[in-house]
There are 2 protein chains.
Amino acid sequence: MLNLPKEGVLSHQPIGDFITEAGAVINDATVAFQRWGEFRGDPHGKNNIVLVEHALTGDSDAATWWEGLIGPGLALDTDEWCIICTNVIGGCSGTTGPTSIHPDGTPWGSRFPATSIRDQVRAEQIFLEELGITRFHAVLGGSMGGARALEWTILFPDAMGYACVIAVSARSSAWQIGIQSAQISAIVRDPAWANGDYYSTGASPQNGLAAARRIAHLTYRGEQELDERFGTIPQAGENPLGAYRRDDQRFAVQSYLDYQGDKLVERFDAGSYVALTDALNRHDIGRGRGGLNKALASSIVPTMIVGVDTDILYPYHQQEHLSRNLGNLLAMAKIVSPVGHDAFLVETRQMDRILRNFIALTQQVPSPNELAERNGIYDI
Amino acid sequence: MLNLPKEGVLSHQPIGDFITEAGAVINDATVAFQRWGEFRGDPHGKNNIVLVEHALTGDSDAATWWEGLIGPGLALDTDEWCIICTNVIGGCSGTTGPTSIHPDGTPWGSRFPATSIRDQVRAEQIFLEELGITRFHAVLGGSMGGARALEWTILFPDAMGYACVIAVSARSSAWQIGIQSAQISAIVRDPAWANGDYYSTGASPQNGLAAARRIAHLTYRGEQELDERFGTIPQAGENPLGAYRRDDQRFAVQSYLDYQGDKLVERFDAGSYVALTDALNRHDIGRGRGGLNKALASSIVPTMIVGVDTDILYPYHQQEHLSRNLGNLLAMAKIVSPVGHDAFLVETRQMDRILRNFIALTQQVPSPNELAERNGIYDI
């Protein structure tokens, strides 16, 4: 039987030495994870596991960052489904990343190798195997989590029944690489960065990380929502219209962005931010697979695609591209919101409808494994 | 008679001590300018002057940055019109700005006061008066130049017959303030910034300025155009997919953005970049005028509004807002292009049609001054 940790409790699973797509080794890697809902079924066949993938600075605590969507009676109903969420490799919330301790007893820092979205998925696949799981019902996620869900369907098509890919593209666009590289640049230009080996210096590139987050946040939020909230209002007690420009005399939106930057600095590591942003830059479903649309066409997993109408980071035409080219499109849904990219995290009512529809479809449409079994092509 | 400089030659006109909107003084200010085409008419009445306003890092050399649009037989036909373009106050191409010499003999640096779009227009109005001009045919410009053209129509409605306002909004949006502040932040976090007084240090915040430009460029260019050009292609001879992330192993789009940053560093001053970006943050037609739409409604100058369908910096809905609320809309035109904001600079064929239409309309529709004279309300 599966030996899963207590519901909601952060747990850790060693996965051994991990070799990256580009050929480097991460020794004695560990994957942090949480689960909600009881496991039912066959860990090598039909079961009730739904794998949830977090976004760039998310973590395994999916019930918190998707509050209102995971729990008893909610769209991802933990009375029915066993939800598992892992922290991504390269992260800083329990899974091995740049802050983790290298076998030599000091933090990995600059020695932590580059990882790709495929590495994130392969690490997760090994993790599941270590838990004793080779099949699961569905994988879903948004943004970087959506990229992982999509890679799962191409890398391990037999491992899952269904996928839901939210607010992401088939590969990074040049604009995404550009704006993501601007964020990496903000961090590595911080004098405290120390080439990524700042963990023992007593300083940390907090200013660079906060600057990166401020830029990122402007790609996560729609300009209409920001404008409705802040417009050109000065921050209370400050005068951004004074006779001399001063960094401490701000518009309200500057204060809001400063807050977003500071909040991330408190909970996230700059080295992980660089590592995961670089992984996003490398996102390309087509790499080594005969090109983008050939790779998408090869997909056999029924996949639902979700996008946001005002997303400037992953514009909706990128989800339309996925929907046209995926080999097995299950459904398509559009979140309509002034919020932009983050809508998949904050438009809970719409996400509730979308996730309920997705789950319902997975119960109506046969999975490739079910079809194969019915046709007697193979059995497990 | 007007004593204008030789065609195309950079010239300088002192405008005396200039007091900013926020109450600071810029002593002995000078405005740099160029003109093309012979002046004809009455400098205090009907004449053939068309005032062209440059964008953030532009200069008075309009015939170069609008190549193909200003010259004999072109849309802004210098056989017919006298084109005048000034460098903006706060700039670094001849008009007084942070690099200029303060009365004490050292550069202004941090002592250069904050300026607004209204200051830019008032400096230009004084400049014209010093030349002996109180009326002109039309004002036009894009981006920050569009903001100036729009402020002209509200600050000095009797001074001109017509305006053409391109790829700008009635005020900064919160998103614009956010992304512009990210650029200022990139510069002031550069250790060489020295609080704006780097001119005598032997160093200059080039890295910060280049970083600012890379961010800005991603708001000037449409993501579809960038993706068509660069996609996920590695820069020639570099490998951004190696086992370790390295700053010198780039995607082609990173190299392109680096080039854009480096190119700006060669021709532009970081202090001016901060000053003018701050001026853009302060752009608000409604300030002190009973609100945005009341200010717009008060406009009497026939004004053409132009936007770009893929502009993420000044989205087209902002030009639609202007068209709905301006007191005297002359016409509206949309540039259709994957290029984004910069389309008003690079889609020459479309801009040619638009500017020819604008000039034709100015010759068909009576100006407010002409109407007032016809009705005998006042004469000049």
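Heads up, the Cβ atoms here are built off N, Cα and C, so glycines get one too.
Copied from TrEMBL, the annotated features are:
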type	residues	note
DOMAIN	B:49-347	domain 'AB hydrolase-1'
ACT_SITE	B:Ser143	active site, nucleophile
BINDING	B:Arg213, B:Asp342	substrate binding site
ACT_SITE	B:Asp311	active site
ACT_SITE	B:His341	active site
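The structure, with features from TrEMBL marked on it.
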residue	record	Cβ contacts under 8 Å, 6 or more apart
B:Ser143	active site, nucleophile	B:Ala55, B:Leu56, B:Ile166, B:Ala167, B:Val168, B:Leu313, B:Tyr314, B:His341, B:Phe344
B:Arg213	substrate binding site	B:Gln183, B:Gln260, B:Gly261, B:Leu264, B:Val265
B:Asp311	active site	B:Ala167, B:Gly222, B:Gly340, B:His341, B:Ala343
B:Asp342	substrate binding site	B:Tyr220, B:Arg221
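Taking all protein chains in view, 27 other C-beta atoms sit within 10 angstroms of the C-beta of B:His341 (active site).
Under the three-state DSSP scheme, B:Arg213 (substrate binding site) falls in the helix class. Looking only at the domain 'AB hydrolase-1' (B:49-347), the predicted model's pLDDT averages out at 98.
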